[in-house]
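Over in TrEMBL, the protein carries these features:
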type	residues	note
TRANSMEM	40-59	transmembrane segment
TRANSMEM	66-85	transmembrane segment
TRANSMEM	97-118	transmembrane segment
TRANSMEM	139-164	transmembrane segment
TRANSMEM	176-200	transmembrane segment
TRANSMEM	227-247	transmembrane segment
TRANSMEM	267-292	transmembrane segment
REGION	299-330	region 'Disordered'
COMPBIAS	305-324	compositional bias 'Basic and acidic residues'
Amino acid sequence: MSNTTDAPHRVSFRSCTEVGPYCPVEATVLGYYPNLGVNAFLAAAFGLCIIGLICTGIWKRTWGYSAALTAGCILEFAGYIARVLLHNNPWNSDAFQTQICAIILAPTLICISIYLTLKHVTLSINPELSRLRPRLYPLIFVPADVSCLILQAIGGSLAASAGYDNPELLLNGDRVIIAGIALQSAVLGFFGVMCVDYYLRTRRWVASGQATTQALATWNDRKFRTFCYAVAGAYAGILIRCIYRIAEMAGGWGNKIMQDEPSFVVLEGFCIIIPVILLTIFPPGVLFPAMAEREAQRFKRKNKGEKTHPEEPITSGDEAHQTEPKTLSV
């Protein structure tokens, strides 16, 4: 029996606390026993990433990048621990509410770390090639991402508080979550367009022979390219996940897609853990030190109460090419 938004069905199961003859697993929102091995694996993987991110974040002082990514991983870890508990009892309402809120919200925090990278890439190659001033990227994309987070948090709270007694509230929560994920997909899409645009303009600038020595060194640096590939892979995984979530939530709670665990594992679980692993094992502090140095210096100056310019070069001088960059008319 599918746990749809039909009110009589929900009322008949509102007192269920565990699986039994009158409370079958098919009547739960998920409609199945979450796979213990897969969910335990995902929880462990996110747990290991948390440790790795904390270590590299402190070591390389990439505070903002690591904090957002770690926060997202903590939510993912909590969400999959909750799914492990659901394996034992699919009617565990606390575990179900935890996995709803945590797994839905976590990718939004992970996106923040991705949005922070474009500013530093443009500053390290040639800020004049960017359609926007580099400092505007985090000022635009991070608040937009937070808006997505707020919408999804409101929707998740409505859904979690609705239970089986208020199907209308549950449906409204579903709609708000869809709006938040749709907005997140739009923000991700716009960010992708800006990244591709900057890449194409930079490639043309490099091919023209006008690029500075330092810009060429950064552009051709294998570590820098590896970091960019990792971010691109993470971006693609999260975007695929968002599209899946829109389709999943559009059918209402307990729909056919939501009750298909293999699609959830692949398009939610692995489409998030793979990006997190990429961002963890290919950290900017190691592969893109200019980003880490710039953020470390800004953090140090803020602690001293000194004013910092959002686009000032790092003091080591390895971005001195920014002073008078040669640009190509594009």
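From the backbone N, Cα and C atoms, a Cβ is placed for every residue, glycine too.
Caution: TrEMBL annotation is automatic and unverified by curators.
As a quick check, the transmembrane segment (66-85) and the transmembrane segment (176-200) miss the bar of 3 or more Cβ pairs under 8 A, pairs 6 or more apart, so the two do not touch. Put simply, of 176-200, 227-247, 267-292, the stretch with the most CB pairs closer than 8 A to the transmembrane segment (40-59) is 267-292. Here the transmembrane segment (176-200) has long-range neighbours at 104, 107-108, 111, 114-115, 118, 121-122, 129-132, 137, 141, 144-145, 147-156, 158-159, 232, 235, 238-239, 242-243, 245-246, 249-250, meaning same-chain residues at least 6 beyond its ends whose C-beta is under 8 angstroms from one of its own.
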